[in-house]
Amino acid sequence: MDGKSEFKEELINYILLKKYGKGAQDPPVYSNALKKAPQEMFPPGLVDALDSYSINLSRSEGVEFLVLLNSLVNDIRSEEVKDIIFGMINTNQMLTKLMKDKKEVERFPDTCKMYSEQFKANKPLLKEFNAGSRKEQGNLEIGEPSENVVTRFPPEPNGRLHIGHARAALLNWYFASKGNGRLLVRFDDTNPEKEEERFERGILSDLSLLGINEYTLSHTSDYFDKIIDLGVFLIGEGKAYADNTPQEVMRDERGRGVESRCRSMDVEESKRIFKEMARGNASGYCLRAKIDMSSSNKAMRDPVIFRVNESPHHRTGDKYKVYPTYDFACPIVDSLEGITLSLRANEYRDRNQQYYWFIDNLRLRNRPKIHDFSRLNFENTVLSKRKLKYYVDNGFVSGWDDPRLATIAGIKRLGMNMEALREYILMQGVSQKTCTISWDKVWAINRKKIDPVSARYFCVQQRDAVEVSIDNTSEYTMDVPKHKKNGDLGTKEVFYSSQILLSQEDGRVLQDNEEFTLMNWGNAIVKSKTVENGTVTKMEVSLNPDGDFKLTKNKMSWVSKRGSVTVELAEYGNLMNDEDTEDLALRFNRNSVKKEYWYAESAIINVREGEVIQFERNGFYYCDGFLVFNLLPFTKQKRTGN
């Protein structure tokens, strides 16, 4: 699928909603939609046939599926089931390709007829769905000159970048790189209590992951002397004053538009106090801009522009005792650094008036153009830096790169391809519309990127693994392609032997005398199966070299007992639970990670940290360390059969 259609599986949800009033199904949509449909809607054999479906069918598997469907479609009486099957075919690249292949369609004429009828019936809905999908795509046009643009990305070095920051970073990078522009990465280091040099290194690493490597680096602290001078200038203009009103009282007064008792303070007295603040001797005072306490825009009600803070700064040490607020420093440094385009989240929109008040009243020559955009919100995702910091600092998670966190480093360890992330974020454009995004859409693009370049391996769950004896083979090794459709990935050495392991789940499915397929090997026939207390303990099988894998229902992954390697497979979930409490400790989801141990084929020892692979019939995994793998979200596959 291309960038505009990778979410087409949502078509099934759209049809079910419009025609049958059904609520949206979670991905995989087709599978969950089928589960929710009443079983009496399915003629005999159809459920098993649909079980062989996968979004990533090979050509031979696609033909097999359509041929199998051909023998059953005329018995389907339910329009809802027909529509689900229509959606399954319509959103599957391989199946739609086969439906247009004149040589192949002769093998499944009834399937083609059913599909054609449903296509005609659903044509109006298809048009609506596709039109809606186009509207959802953002654009990157803001009506500003595209040449010599200078943008800035100003992160605070008090944590790592999360996916929300990624949008701001990439939009600033995009507009700067369009035509001879420049991007400035400026660390907003105005709060020495929270900021550390290690976070600067981490943020630069995050930007590198996003592919942002060309920029000019600066710090707000580079301009502290100039910013302080401008604070003094504002006092001299009668447009700033020192204030020792208690914080809670000040908050209440600003909310009600009540002027501070300090607002009429003499200019020289404010200068004297500000000088003492700069020495760290005026505890309890701040400096406020004198703007308009009656303004309907609360951002204009005499905002604080300097605070005393005696904590040592990670760059300037104890040189300064007074620090500017972000709202005061930002327009100053934007102007001084020659920024032409200031891209900001629209949550700051009420501060735009304040931003330009500072530019104008400080008589700064360069006046950047502000363009704001909506934040990206994601379902069940914590983007509050305060909450993330709490869980990191208190040991609930392993660090800022924990896979449960939506930080750039965290989702990298979940197997996110950064090119896919860039593509998705830029596809949202500079929209003003705030919306909540489902992660499955992002991971759908990710799968499109990783699937063609991920090597394939087998693994079997250790718990109650079934020992299988093969009575007509010997031990040997053979080189097998790591990916049948991508020879560039090379080969792996597979060890074949008379003693292999199957998962308990697969062992239970196989019946006595059943012919099944051992993937990457051939067909085999079950000779005997030993079951103790409901658990399959061992099996005996014979290889059938003349068997046709196209005729077997069950295709099983396996590993040789000798040479198998134990791997840790981790599945990460949501960071927080649904408890109705403000206590972050109680909100932590203590079931947010599940770890299991599996036997993997011996070639797995060659997989290096950072690689993404597929354990076939299981899911895609990110190698998080030697023999440690993290499941990529929305890639877990059905185990039994197929």
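Using N, Cα and C of the backbone, Cβ positions are placed for all residues, glycine too.
Long-range C-beta contacts of F328 (L-glutamate binding site), restricted to its own chain and to partners at least six residues apart, with a cutoff below 8 Å, comprise I227, G231, A289, P303, I305, F306, F358. Taken from Swiss-Prot, the feature L-glutamate binding site applies to R152, F153, P154, D188, Y326, D327, F328, A329, C330, R344.
Taken from Swiss-Prot, the feature ATP binding site covers H162, E347, V382, L383, S384, K385, R386. For L383 (ATP binding site), applying a Cβ distance below 8 Å and a minimum sequence separation of six or more within one chain yields H162, I163, G164, N377, A406.
Outside the motif ''HIGH' region' (157-166) by six or more residues, the chain places 187-189, 191, 194-197, 199-200, 202-203, 206-207, 210, 314, 375-376, 378, 381, 383, 385, 388-389, 392, 400-401, 405-411, 421, 425 with a CB less than 8 A from a CB of the stretch. The motif ''HIGH' region' feature in Swiss-Prot is assigned to 157-166; the stated evidence is similarity to another entry.
Here the motif ''KMSKS' region' (382-386) has long-range neighbours at 158-159, 162-164, 405-406, 575-576, meaning same-chain residues at least 6 beyond its ends whose C-beta is under 8 angstroms from one of its own. What Swiss-Prot records for 382-386 is motif ''KMSKS' region', and it gives similarity to another entry as the kind of evidence.
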Comparing the Cα of K385 (ATP binding site) with the Cα atoms of the binding-site residues R152, P154, C330, the shortest distance belongs to P154
Counting Cβ atoms within 10 Å of each Cβ, the densest environment among the binding-site residues R152, R386 belongs to R152
C330 (L-glutamate binding site) sits from S384 (ATP binding site) (Cα to Cα, rounded, in Å) at a distance of 21
For the motif ''KMSKS' region' (382-386), the DSSP helix/strand/coil residue counts are 2 helix, 0 strand, 3 coil
One should report the C-alpha separation between R386 (ATP binding site) and Y326 (L-glutamate binding site), rounded to whole angstrom, as 17
Whole-number Å distance separating the Cα atoms of Y326 (L-glutamate binding site) and E347 (ATP binding site) is 15
Least Cβ-packed of the binding-site residues H162, C330, V382 (other Cβ atoms within 10 Å) is V382
If you measure between the CA atoms of E347 (ATP binding site) and C330 (L-glutamate binding site) and round to the nearest Å, you get 16
